[in-house]
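First, the structure itself, so that you have it in front of you.
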2 protein chains.
Amino acid sequence: MPKIVDHDVRREEIAQALWRVVRRDGVRAASVRTVAAEAGWSPGAVRYYFPDQEGLLSFAMDLVARRVGDRISAVEVEGSAMTIALRYLEEALPLDAERQAEFDVWLAFMAQAQAESGAGGLHGHVDAVHDGLRQLCESLLQSLSEAGGLREGLDLRREAELLHALIDGLALHSAIQPGRTTPARIRQLLRHHLETLLA
Amino acid sequence: MPKIVDHDVRREEIAQALWRVVRRDGVRAASVRTVAAEAGWSPGAVRYYFPDQEGLLSFAMDLVARRVGDRISAVEVEGSAMTIALRYLEEALPLDAERQAEFDVWLAFMAQAQAESGAGGLHGHVDAVHDGLRQLCESLLQSLSEAGGLREGLDLRREAELLHALIDGLALHSAIQPGRTTPARIRQLLRHHLETLLA
């Protein structure tokens, strides 16, 4: 009988090995060879799924996007529009070890995408994650507005851009100085910012 | 007669070569060997000043800090406290090609410092730049407050943290999507944010 390979399971195994390499040694250490070694596979077996490093790195970036997206889809929360908005935004912020690792990966990809000249390659993946978070900010502010919670005359597009920049800035600061920009402090600052928008 | 070497001039030559390598090939491409080749020197001559890559990278980070610091010291501006505050903050934001390159370097160092486990090394330099920008935010808000321009009851420490996160978030967004987060848009968003703090 031929051996039956579940390709989804194998891709998931590669994903896990890749995640471990990136967290431990940084994103540039992730190659077909190092990920194969980590997974206990031959390089050829990994190459069957990801022919080159760029394919592998894009896959890792997609992994981060999928994790964040899955968590946001799974949010179940009741309460004021403010409570709900904060709860969603928290899923995109590095408030625990797992989410800090995701942000580190995102940052490493971003820096690597910046270092590559021209568009394409990793840029498309960075753009997609970036656009997704901005849209989340827009739709949360829209919900707050429809719930009648926001001040009159706010330019929601502008406020979404500011909120998005603030979130990424806080995430960056928590990566730089985790002892100062703690999860508790991020929550306080974010709540204070949203409160300035309230009616 | 012995050859007289001006060490400051030679360090500046290394700085310039290092800057070109980092901008062109990314921060991880900067080594004693590649910088020596770029400067047209022998590796040994570079090593006389910077024995290893870490020394070289720290020097590059200091270069960025020095450039920003020099520009901030040189700011001469008259006008309202708001005009003055915006003018200072602009020097720390990637609003032209030169400042975008500085931010790219800072980002690359930051990502590399994150990838290194433990403290020390590049972390100290990242911290110093980070603290410098937060202190700038604090002192600008303090000046606005003393000029009587700010709303009563603001927590200036909290507002400085928010302003600092906003500035770094906007800088990050302009690196990710320069066509969307343009210099003009950054100025608008920053001005709007500061206006929400006014009396």
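Backbone N, Cα and C define each Cβ position, glycine as well.
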Which one of these stretches, A:31-50, A:71-90, A:91-110, shows up in TrEMBL as DNA-binding region?
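Residues A:31-50 are the ones TrEMBL records as DNA-binding region.
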Do you know the mean pLDDT across the domain 'HTH tetR-type' (A:8-68)?
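PLDDT averaged over the stretch: 85.
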What same-chain residues lie close to the DNA-binding region (A:31-50): Cβ under 8 Å, and 6 or more beyond its ends?
7, 10-11, 13-14, 16-18, 20-21, 25, 56, 59
How many helix, strand and coil residues does the DNA-binding region (A:31-50) contain under DSSP?
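Summed by class, the stretch gives 15 helix, 0 strand, 5 coil.
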